[in-house]
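Participant: Would you mind keeping the following structure in view while I ask a few things?
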């Protein structure tokens, strides 16, 4: 554990030094190709740094944050994304680069009743997360039932942890930050789920890095704007699938199986089909009840995650590894605190 923590510190220091370089030098270069060239060495370094971590407990957040930082820096090369306009100081620039946050562009004041309802919903999610963590840690349910609980477990884990992190940084940075999720279980279509409700920061980054450039190129090559839009949507899902395969390699240290890419390609094809059907005259006359569309959308997402998304992670026992590593970390910190306490007592006696 001590060696892994030393590696984590080295990765953190390297990241801060690289981000400091990106704050001071590239902004002096005109946005575009040459600024991108000046940032590319940092992007390559960020792809290498997670390889120095062997514990999934540390490598998974490090890989996610550094891949997101790469996307933000690429967008920054063209004066786009969360880093544009340039934050006023290096602390803000480091936070917006390294953490999964984005400044809220048009904050809307919420009514007191609505704000109270969101608080109660979040409290329910915290309780649900505690229950699911207990079930997974002690394995009190049959494996098939634990597999069935994976989708809500992943969602509430991300929702609760990212929301608490966003609240903390909102207080520290004194600015409103965009939420990461928008009640994805209320999605009425795949387009609604992926584009407006799930992992909004990543969606915005992929939209700017992949969707918009691909659509512009396709518009120049094709006469139909609709075809360009559908190709761009599919390309975005493919890139997202590749990113998840890379993330799997960082965390598990094994070659990807292709299941994660297949999951996102399937959702890309289905989203493209959904958008195309919606534009037909028949679909515009046929109104689907909102409750039915929600059940179909969430049901499709859950079934396909069981089929393609979760199996690689389950086979690698990543959840159990993280629980064991968390126990090791707690035990290591406890022993260190006891040692420091005893050392302080000895010094005071002498």
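Placement of Cβ uses the backbone N, Cα and C atoms for every residue, glycine included.
Remember, predicted model here, so these are calculated numbers, not experimental data.
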Participant: For the record in TrEMBL, which of the ranges 204-221, 258-275, 276-293 is the transmembrane segment one?
Facilitator: 258-275
Participant: Transmembrane segment per TrEMBL sits at which of 175-194, 295-314?
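Facilitator: Range annotated as transmembrane segment by TrEMBL: 295-314.
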Participant: Examine the ranges 153-173, 321-341 and name the one recorded by TrEMBL as transmembrane segment.
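Facilitator: The range carrying the transmembrane segment annotation in TrEMBL is 153-173.
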Participant: Sort the residues of the domain 'Wax synthase' (178-265) into helix, strand and coil with DSSP and give the three counts.
Facilitator: 68 helix, 0 strand, 20 coil
Participant: Kindly say whether the transmembrane segment (120-138) and the transmembrane segment (81-99) touch, using the definition of 3 or more Cβ pairs under 8 Å where each pair is 6 or more positions apart.
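Facilitator: Answer no: the transmembrane segment (120-138) and the transmembrane segment (81-99) share fewer than 3 Cβ pairs below 8 Å.
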